[in-house]
Amino acid sequence: MRLKILIKLSGAGMSADSSEPFSNQFLETVIAQLKQLVPNYQIGIVIGGGNIMRGKSCSDYNITEIAGHHLGIMATVINGAFLKAKFDSHKLNSTLLSAVSCPSLATHIVSQTTIDDAFKNHDIVIFAGGTGNPYFSTDTAVALRATQMQADIILIGKNGVDGVYTADPKKDKHAKFLASLTYAEAIKNDLQIMDITAFTMCKENNLKVIIFNINAEHAIIKALSKQGKYTLIEK
């Protein structure tokens, strides 16, 4: 039986720090790796929306916080539709599932049935819309979808960060890299890789998480094969 993996792609990662919302080079690199993984893995992807809109950015535009969160949710649906279009162009079978109704972009709403059916069809499953609710982060959506699809491992691709440190290595030269840690340690030391809701869900469902630099060469493949630099978080 093929292992089930859930990959988190951040919106910021999709833009690769460019002035455009999408980086074709980044997406082509990810797709090339997915093509190698599809024969041996069942793959789910949770997509962020930060390249278009962040819920926390509402004050920058003088809009209400809840409006900002809803726009952030819709941004993930746009990203999911874009990612599916890229997969289609490469003849990678995929299903886009959204936590919010958006029939013109995502024809299916996330449910246990639609998730199970997509995997039975051997599709890559793209999860958009976060949890469908404002004030919940994409991290929480990752933990929720991983639980629903019974993922064997979660891969969280960070934009330019190769794992977990005791402090921000860009601000603290004494920050130490952590190759592994438990959820209890992450929560106790307030290591802000994921929010506490997501940490708690992952811990309760005994999920393993690998944090790695999505921009590194062959990053996803190396993380899965336990090569290169990464942090493993488990119960």
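Here the Cβ of each residue, glycine as well, is placed from N, Cα and C on the backbone.
Bear in mind that the values here come from a model prediction, so they are computed numbers and not experimental data.
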Further binder of UMP named by Swiss-Prot next to Thr131, Gly132, Asn133, Pro134, Tyr135, Phe136, Ser137, Thr138, taken from the candidates Gly44, Gly49, Gly80, Gly163: Gly49
For Pro134 (UMP binding site), the one of Lys8, Ser10, Gly50, Asn159, Asp168 that lies nearest, given that the binding-site residues are compared by Cα: Gly50
Chain-internal residues, separated by at least six, CB under 8 A from Phe136 (UMP binding site): Gly130, Thr197
Densest Cβ neighbourhood among Ser10, Thr138, Asn159 (binding-site residues), 10 Å radius: Thr138
